[in-house]
Amino acid sequence: MTGEAVSGQDVSNPGKSSWRVTVLGGGAWGTALALAMLRAGHKVRLFARDPQTVAAIGQGQNPRYLPGIAIAPGIEATSDIAAALSGADCVLAVTPAQSLRATLAVAKDNMPDGIPLVLCAKGIERDTGALLSAIVEEILPRNPVAALSGPSFATDVARGLPTAVVVAARDEALAADLAARFSAQNLRCYSSDDLIGVEIGGALKNVFAIAAGAVTGAGLGASAQAAMVTRGFVELRRIGAAFGARPETLMGLSGLGDLLLTCSSAQSRNFAYGLTLGQGKALAGLPLAEGVPTAAIAARIAVERGIDAPIIAAVAAILDGAITISQAVTALMTRPLKTETND
């Protein structure tokens, strides 16, 4: 086995007992978070549907999703959902946003009552427009819901590089407890009781990451990139306010922080998708980009709620094939002039 060794031991949290943490999802982010939980001193099980992924993790690697990173022993991987959830103290849901409902439906009968379920995916459900926390509350009403979000690439977390995220729950005490239990030497977890704000920031930044990638791919320049990200954040705040998100949450790690990271690196699937789009290359075969379904949903929400969100609308129209990038730029640049802060 080759690759960069990743230790399963780091630092446990003083005064916090070890938990049995179950991770639902064997992709790059699920595997990275499993390693992070291991470093925080917890016993970790990982559920993946793909038997090959389960076998690979058992052999200390996940070449399909985290190539080049050797995973130290300690993560118990399984494709048996009942075994994965048995005796769990906490569950991290790391399946794609559009698959969450189906995953929870499968997990429902084996989910221990009362344990927290932490959302680690970012998005809005395509068919219903529901935030992911609403799906959890519908399917698992006896399990408190939380969300982990912030500027974090899977490879960085898997390698144990310094990273800061936020853990949010409506119950402030639960959020603080989860943040303390998840934190380790190079993973700093802040807490928040603004669950909706954290979810909105994480979902919408994916749309602007596609736009950022398209701007770069089309060669529109650094000035256009900066303008798009800045005005995109204005739209994020507008939609966040309509959902009741607090402004300070959107200015934090899960909003502005994640937006800056995702809009500046091809490590982001959404940026990479937009980059390919801007270059005029074929999109077939690219990894899942959550911003694609989210763009259409966010554009619809903006229209329904009377929110001015021209960048989101442009991204949705480009992805739908209704307009070209050039046409979108012209439309955005010729909008009626206004005061910058007139929201």
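From the backbone N, Cα and C atoms, a Cβ is placed for every residue, glycine too.
Sn-glycerol 3-phosphate is bound by K122, G150, S152, K205, S268, R269, N270 in Swiss-Prot, and the record lists one more residue there from D113, D258, which is D258. Record note: Swiss-Prot gives R49, K122, A154, R269, L288, E290 as NADPH-binding, and the candidate from W19, W29 in that site is W29. If you compare Cα positions, K205 (active site, proton acceptor) sits closest to N270 out of the binding-site residues S152, N270, L288. Look at L288 (NADPH binding site): DSSP puts it in coil. Ranking the recorded positions K122, K205 by other CB atoms within 10 A of the CB puts K122 at the bottom. For G150 (sn-glycerol 3-phosphate binding site), the spatially nearest entry among the binding-site residues W29, R49, R269, L288 is W29, judged by CA separation. The number of other CB atoms found within 10 A of the CB of S268 (sn-glycerol 3-phosphate binding site), across every protein chain shown, is 24.
In sequence order, L288, E290 are the binding-site residues from W29, R49, K122, L288, E290 with a C-alpha within 10 Å of the C-alpha of N270 (sn-glycerol 3-phosphate binding site).
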